[in-house]
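Chemist: Please see the structure below; I have some questions.
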Amino acid sequence: MELKEKYRGVIVPMVSPFKEDFSIDGEAINTIIKSFVENETKPFVLGTTGEAPSLSTAQKVELIKITLKALDGKQPLLAGIGSNSIFTSIEDGKRYADLGVDALVATVPNYYPSDAAQMLNWFEKLADSVPLPLFVYNIPMTTHHSIPLDVVETLSHHANIIGIKDSENDKARLEESLKRWKDRDDFMVLVGSAVLSVFGMSRGANGIVPSMGNLMPEIYHQLIIETVTGNLQKAEEIQELTNTISSYCQAGRNVSKSIPAMKALMSIKGICGTQVLPPMLRMKKEEEAAYIEQMQKAIENISVIK
């Protein structure tokens, strides 16, 4: 149970803030982490929202070092080790362990098609080789694979695999996952599809992983509080408002467009700059102006939950 408490609540897939020259923006990281700590939120770096595939090894190491210093032990740090090379994933896992990361998060490789046996082999070899607890990360949007629940079931009994972060927006799949694992003390379910936050938490999920938590961690923290204390009507109101804001950011945009859109709004709030790494591009100025106006109106409406 102590393990599940460590990773309970809101875990935000943190953006990677960059300066104009593409170097890591340490000041912005400090700002982000301060807001996370104030709202009992845990950072997950080097995931999809963190532009992990676009960062160099040196950038990843620097980002982790700055994040750990800013956290100062107040919250655990999760780090992604997704790669198409298992050797790179293992090396990264060992490197991040040496830096002081608490847990690792890994996807299936996305270049070659993988069947169930290949996925199982991939995660077992990873879990056997890395020195930190491992979360299985299911995100068909970017990997083009949905990890079968029977594969996850087998992996759930591996001593070094402690949970699944599932970003597949599938209510039936989530419900089945929770039926299987919500009562396990050694394996947890993290809801990676933010629109299913209340649905998942009210049925026994251990936490949620909303990308928009970069912008408003306090709102998702309140959503968790209302849900776990049984105030589901209030929780659903918050869910509806966060869904609206998320849809403004993500609707009609693939992930390579929604991340720049999120950073544009974070920039207006003074959290970080708008810079993104190639192949992504910043929003065009005319698009950004209309988008910011729309988003600011939506965020004003969220004050009703206070």
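Backbone N, Cα and C define each Cβ position, glycine as well.
TrEMBL annotations: computationally assigned, not manually curated.
Pulled from TrEMBL, these are the listed features:
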- Y137: active site, proton donor/acceptor (ACT_SITE)
- K165: active site, schiff-base intermediate with substrate (ACT_SITE)
- T49, V209: pyruvate binding site (BINDING)
Chemist: At the level of the C-alpha atoms, what whole-angstrom distance separates T49 (pyruvate binding site) and K165 (active site, schiff-base intermediate with substrate)?
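Modeler: Roughly 14 Å, rounded to the nearest whole number.
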Chemist: For Y137 (active site, proton donor/acceptor) and V209 (pyruvate binding site), determine the Cα separation and express it in whole Å.
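Modeler: Counting only the Cα atoms, the answer is 11 Å.
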Chemist: Taking just the CA atoms, what is the gap between K165 (active site, schiff-base intermediate with substrate) and V209 (pyruvate binding site) in Å?
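Modeler: Between the Cα atoms of K165 (active site, schiff-base intermediate with substrate) and V209 (pyruvate binding site), the distance comes to 8 Å.
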Chemist: List every residue in the same chain as V209 (pyruvate binding site), at least 6 positions away in sequence, whose Cβ is under 8 Å from its Cβ.
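Modeler: When sequence neighbours closer than 6 are ignored, V209 (pyruvate binding site) has V10, I11, V12, P13, F44, K165, S167, L190, V191, G192, A194 within Cβ distance under 8 Å.
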Chemist: CB neighbours of T49 (pyruvate binding site) within 10 A?
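Modeler: T49 (pyruvate binding site) is surrounded by 25 other Cβ atoms within 10 Å.
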Chemist: What does DSSP call T49 (pyruvate binding site) in the simple three-state scheme?
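Modeler: Once the DSSP labels are grouped into three classes, T49 (pyruvate binding site) ends up as coil.
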